[in-house]
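Data first, discussion second: the structure below is written as structure tokens.
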Amino acid sequence: MAVTYSLSRPAAALVAVLLLSFGSVAARHIEDQAEQFFRSGHTNNWAVLVCTSRFWFNYRHVANTLSVYRSVKRLGIPDSHIVLMLADDMACNPRNPKPATVFSHKNMELNVYGDDVEVDYRSYEVTVENFLRVLTGRIPPSTPRSKRLLSDDRSNILIYMTGHGGNGFLKFQDSEEITNIELADAFEQMWQKRRYNELLFIIDTCQGASMYERFYSPNIMALASSQVGEDSLSHQPDPAIGVHLMDRYTFYVLEFLEEINPASQTNMNDLFQVCPKSLCVSTPGHRTDLFQRDPKNVLITDFFGSVRKVEITTETINLQQGSEIMESSYKEDQMDEELMEPLKYAEQLPVAQIIHQKPKLKDWHPPGGFILGLWALIIMVFFKTYGIKHMKFIF
Amino acid sequence: MGLLSDPVRRRALARLVLRLNAPLCVLSYVAGIAWFLALVFPPLTQRTYMSENAMGSTMVEEQFAGGDRARAFARDFAAHRKKSGALPVAWLERTMRSVGLEVYTQSFSRKLPFPDETHERYVLGEWGVPGPRKHLGGRGLGWVSPWRVSWGQEAQWEGKSLVGIGGLEKGGASASYHSYTEVPPPYCIQMVSGTNVYGILRAPRAASTESLVLTVPCGSDSTNSQAVGLLLALAAHFRGQIYWAKDIIFLVTEHDLLGTEAWLEAYHDVNVTGMQSSPLQGRAGAIQAAVALELSSDVVTSLDVAVEGLNGQLPNLDLLNLFQTFCQKGGLLCTLQGKLQPQDWTSLDGPLQGLQTLLLMVLRQASGRPHGSHGLFLRYRVEALTLRGINSFRQYKYDLVAVGKALEGMFRKLNHLLERLHQSFFLYLLPALSRFVSIGLYMPAAGFLLLVLGLKALELWMQLHEAEVGLEEPGGAPGPSVPLPPSQGVGLASLVAPLLISQAMGLALYVLPVLGQHVATQHFPVAEAEAVVLTLLAIYAAGLALPHNTHRVVSTQAPDRGWMALKLVALIYLALQLGCIALTNFSLGFLLATTMVPAAALAKPHGPRTLYAALLVLTSPAATLLGSLFLWRELQEAPLSLAEGWQLFLAALAQGVLEHHTYGALLFPLLSLGLYPCWLLFWNVLFWK
């Protein structure tokens, strides 16, 4: 029995379910599978992969990005749905003793450059402005299609960034930087412009956790290679090439991703376990409070792959109209049908409620009167010591 | 707030400066010296660290294995050189071409102001024919280059001196190795000409916009052939690698630094020293870094690194850090100033050993000589250092492969550079190879010394000023000044004569020795180099006779005011000069300040004049040079006898003048035009009548 899932019109996505019954397996089990099947509400996948570092000694950042590129491509996202930004060309760098390759493993074990890398933004095109324009879609009309992020409100987007960063910023090419606030605002714009359904943000840089702590838009899951105050470290020193080939976090993420195939049922919780402190030296962090679903129900392939929902089953599945799954997956549709008054897109999720989940304590300030009193005391002591006539020395 | 405009406070301040002047001066001087000595202790001296990202680790693979090849090249080179008697240009060209370089030659010639006795760079006899030279009692050729002796190599040094004396007999033979096409006129006999050979290894996949240089200077004696061999073997190895992003220039220069200077001037298309040379046919972009190599044996026990360049310029500290990291990686024994680095910095021994190294560095930097051919690169802001292979009596020896690997690693890391070396310090002192003192920490030492001059000048100024206002305020002058005749202000006119005369003496000292050498050689039985040195000393000593001249010229009614004004001017002049020197070449400034400041502060025409006079003579620039030579050899644990010291002193004078003319070293003009006249002013003050 085949279950096909129409990808074409999300708003009118009435699922065509054909069930053919053959054996006598427990119906409950089949329904679990079906539940898995409808977990994600996305119909297409996009990836924006950014390396912000130039220069030969930053070989590892290019290798990081290319390794993620390799994985997402292998798992099914086509080049037309990947925006790859590489600030430098390591494969053709004259210092590269192995031209036209970028290795992620020592001893030339894994060449992540491959045969068909399609770099959309390269060298000096990798700027903060271009990156934000790609995210928010505010691109000049002449921009070719390959340089655009043409996502919609049913898109799951993977955003991977690597480079040199600090507390609250990521450096672009030694000349400018993007702050975590700018990034958070860009994601909010994307949300308001209905440019994503769910967003997975991964960053491998020093103090990477600082980059996602200002996010406030819904449906964002974020991972970082290190906590605030920590450095992310490099891995795979290769004397023949003369540089470090990868950063630790991405190296282990790549190892993890190499095990994934389009049918894998590995979920996000497994990704969170990648590169524990014993391997990474830094402490990888993740943030899920903005995300609506439970990470254990989110497949890796929801973001890293472009998996068409096709499943062959021999069982009959009875889908109840009012079931939990349907409700959560198609909340918008139901609302549209039930409440005739249109809601603004941005209000559809309790964003404000999410943001204020943990209200931050304000920094303590001494009361105004205290400062004033201190000044008065200083002035009093001054006059006691020098007398009023010395005022002329001050003014 | 009104500290200087309030008359009451001002008087109090003046009283403070006047009354506490002597203790303040002593305190400041002692503080300066103590600060300098404290530089070797850990809070002030720090560990070196690599600042350049692109050269961050030693993580490159050294594959050089051409030790045999290097030795074979060296043997061939030495044989060809012996056969032709000069640099075997054709052989070098052929060999470089055979390893796959783009080869070019450059011929140059340079007229020396007078023959270079230490390097035996005179060519033809007195009258245009090769022949033995006139000299005084066998002294001339016995001079040994004062700064170039390697440490722990007494034996070699002795050998060198023997070679020098041997050259006495075979003057004609040593003269013959420079080829001349035309017979020079009688007074153009100091022409040196030679040929540089260089090969460019083009980076296979990069534009020729940047380059690195590996250079081997070849002198007239047959040393450094192993360095040439290693250079060729490295060139052959580098040719086989494809990862070069910068062109690499392999340069073999003739006549040591003269060739290097000629090549550098032609490369940068400038002419700063009057060198005549053919233009370069091949270039390779801006030179990012250069390494000079000096090796005279097949095995070495240690590598010594020299950083001090022309006029005390230093390469970026990162280059030295790079060398040091590869020393550590290869397990090489590396020395600085011939001293091993102390291991233990917590006890007193380490810092004391560091102090010796530091003092050696200060002396070498103060000399302003290029200590190796890297020194000339620094003028063009090309970071460079010289590596010298030392072969002493240690047990463990390294072969050329180990040295080659270190060089390969350094070049590969330099190849990774993306911009000029600029991240680390340019101004530093080194108490050990892995320790440095930054400019911010050593400058106060010179500052304290110069403060003495400032305090003294302030005191003199106040005394002069007080004398003027003294009659109006009878109560406020408790200073040591005797009541002065009230009639005149300090006429600037009275200062003009001594200033002019001493400056004229300086000018004479600068110009006459070289200008008058031919007159001297015609009238006295001396060679040109000796004539220059002896004229130099004669004019220097003649300056001491000055006070008797000037006091007749100057006619002031108030002698006390006169000398005070003169001393005030001299103090300010000295302070300004030393301040400027200390900024550009700290070592020289500090050395001169240490010696000149006390005598300058004490000089006055009253009190124990003979004592002051002796002190002044002992701290005059020439005496400082002599003392530095003794200290230098003492620190190298090769103490000098008095006679040797004197010979060394004469040779150093000749070299100083020669280097000014050939390379543009500034020590000679600085001393003769700046500090010597200034010192004469103090001499003048001392003998004021």
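Even glycines carry a Cβ here, placed using N, Cα and C.
Features of the protein shown, as given by TrEMBL:
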{"type": "TRANSMEM", "residues": "B:20-41", "note": "transmembrane segment"}
{"type": "TRANSMEM", "residues": "B:425-453", "note": "transmembrane segment"}
{"type": "TRANSMEM", "residues": "B:490-512", "note": "transmembrane segment"}
{"type": "TRANSMEM", "residues": "B:524-546", "note": "transmembrane segment"}
{"type": "TRANSMEM", "residues": "B:566-599", "note": "transmembrane segment"}
{"type": "TRANSMEM", "residues": "B:611-632", "note": "transmembrane segment"}
{"type": "TRANSMEM", "residues": "B:666-688", "note": "transmembrane segment"}
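Counting same-chain residues at least six beyond the ends of the transmembrane segment (B:666-688), those with a Cβ under 8 angstroms from any Cβ of the stretch are 311, 367-369, 498-499, 502-503, 505-507, 509-510, 540, 543-544, 546-548, 550-551, 559, 562-563, 566-567, 569-570, 573-574, 577, 581, 588, 592, 596, 599-600, 603-605, 609, 612-613, 616, 620-621, 656-657, 659-660. Counting Cβ pairs under 8 Å to the transmembrane segment (B:611-632), the stretch among B:20-41, B:425-453, B:490-512, B:566-599 with the most such contacts is B:566-599. Contact between the transmembrane segment (B:20-41) and the transmembrane segment (B:524-546) is absent: fewer than three CB pairs lie under 8 Å, with pairs separated by 6 or more positions in sequence. For the transmembrane segment (B:425-453), the list of distant contacts is 25, 28-29, 31-33, 35-36, 39-40, 44-48, 305, 307, 314-317, 320, 324, 327, 334-336, 339, 341-342, 345, 351, 353-355, 357-358, 361-362, 571-572, 574-575, 578-579, 582, 586-587, 589-590, 593-594, 597-598, 600-601: same-chain residues at least six beyond its ends, Cβ to Cβ under 8 Å. Residues 29, 32-33, 36, 311-312, 361-366, 368, 427, 429, 439, 442-443, 445-446, 449-450, 452-454, 456-457, 460-461, 464, 494-495, 498-499, 612, 615-616, 618-619, 621, 623-624, 627-628, 667, 670, 674-675, 678-679, 681-682, 684-685, 688 of the same chain lie 6+ residues outside the transmembrane segment (B:566-599) yet bring a C-beta within less than 8 angstroms of a C-beta in it.
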